[in-house]
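*Asks:* Structure in structure tokens, see below.
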Amino acid sequence: MSRTFGALVLFEARRQLRNPILLVLAAVTLAARTVASWRLMPNWSLATVDTATALLILGAGAMLAANLATLRDSRGAFAELLAPLPSRPKARTLAVLVAATGVSMLVAVVVIGLHFVSLTVGSVPVGRFDVTELLTGVAMVALFTAAGVALARWVPVLIAAPLAALVLTWAMFQFPGSWLLPVVPDLKIVIDAARPPLWHLLYVAGLFLAIAAAALLRHGPRPGFVVAAGTALAVLGGALTLHSPEAASPSATADRTAPRGLVTEGADHCLAHNGIRYCSFPSYAAWIPLWQQAIEPVVAAAPPSVRARAPEIVQRVTIGRLGAPSAIMPPVTWGRNGGEVESRRSLAAQMAGVLTGFQSRVGLLESMDGCDARDRSRTVVALWLTGQVEKAVAPQRVRARPDSDMGAIDYGETELRYASLLLADPEAKQRIWANWEVLVDPSTTLGKALPLLGLRQAEPIEAPRGTPCR
């Protein structure tokens, strides 16, 4: 019997390894996560949760594949064909359960491994790597697989598993903060968010054991003890999870609709370098050198007398109160694999804007619609300063409002062309330093500044279209 059962498990495992539903959805899971994260530096605290959540796609595929494999017994005359075989229905159910669960967990581990290899390419990771999150994701895939087998035995219709997968997916995103989900996708806060303790993994394991035993219960009462044991484990794990110190922490009970503190609250890991103060959230300290590479070439290109104007660099989250803007505030994201160009350019442009007087208080807008910096010499100087790090680009339009790397400040191709000419001129810095106060004066037009910059007007200069920047 054991040899027959082993052969049956191997047979089902081979079928599962070739199952197109499982393999296609595994590829979709891997591709979706890799594409979404390829141009962003990894934060392990977020990447582990997001990857475990993405395994929901693979879990749905594992449920469908296991369900179809178990339903073979009930297809047409297939039961009659199986009757002469030495294996009984209970053994076949257990074989599918063992094989499908093992294969789906193996595929989940491979997907996780390949994805995290991709996260190391060109990256400076931050955050805390919590392997428990990933183990919970693998356990969720096993749970979905067992559910597929149980549904096939208790509700032997093709539509049952797809409906169950849809309901489970809906529940995951309808109640994302519930710690009784197999995987908890919600992070109430970005920085140092409380996450379910190790007891949560016991809870998911108990659910798996109970559902797997329930599939075998269809063939007789003997697995009833296992169902009870699994249910008890799930109840124990769930209770310990909900009453853990982590569940009672402020970051776990936070209300997304409640007022937040300052966006920079908690960014207290600070250091000074070349006269500029950098402050990050403690888990993001590894990115400070990346900020330095974007900020310090801009400051070095300005006259020494101006460098004292450089504000401090303080990291911010997305949600919260801005307060009185007095610092350049990089976000909790940074690019990689080409995406770092945009991150570097944005930070450099913000510093260039401050040094040339566009933002006496960082982030303060001239109006709700922004302002227009065409036909002003300081615009060209700011774009030239930005170009010390990355070539400046034209502003985008967001609902008729300008959106440039310097903020809600508009300018045109003329200013970009003159900035490019200055970047190609080795004597440009000397001329800019010699005439700095005139060039950054808001009243100095581009026509007046061109001779001071050693440039000649080769085309008409476009007048401001909106409210001029002051």
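Using the three backbone atoms N, Cα and C, a Cβ is placed for every residue, glycine included.
Sharing the record's features from TrEMBL:
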TRANSMEM  21-40  transmembrane segment
TRANSMEM  52-71  transmembrane segment
TRANSMEM  92-114  transmembrane segment
TRANSMEM  134-152  transmembrane segment
TRANSMEM  157-177  transmembrane segment
TRANSMEM  197-217  transmembrane segment
TRANSMEM  224-242  transmembrane segment
*Asks:* Taking contact to mean 3 or more CB pairs closer than 8 A (sequence separation of 6 or more), are the transmembrane segment (21-40) and the transmembrane segment (92-114) in contact?
*Replies:* yes
*Asks:* For the transmembrane segment (52-71) and the transmembrane segment (224-242), does the number of C-beta pairs under 8 Å, pairs 6 or more apart in sequence, reach 3 or more?
*Replies:* no
*Asks:* Do any residues, 6 or more residues outside the transmembrane segment (92-114), come within under 8 Å Cβ-to-Cβ of it, and if so which ones?
*Replies:* 5, 8-13, 15-17, 22-23, 26, 29-30, 34, 51, 55, 58-59, 62, 65-66, 69-70, 73, 82, 134, 137-138, 141-142, 144-146, 148-149, 153, 212, 215-216, 218-219
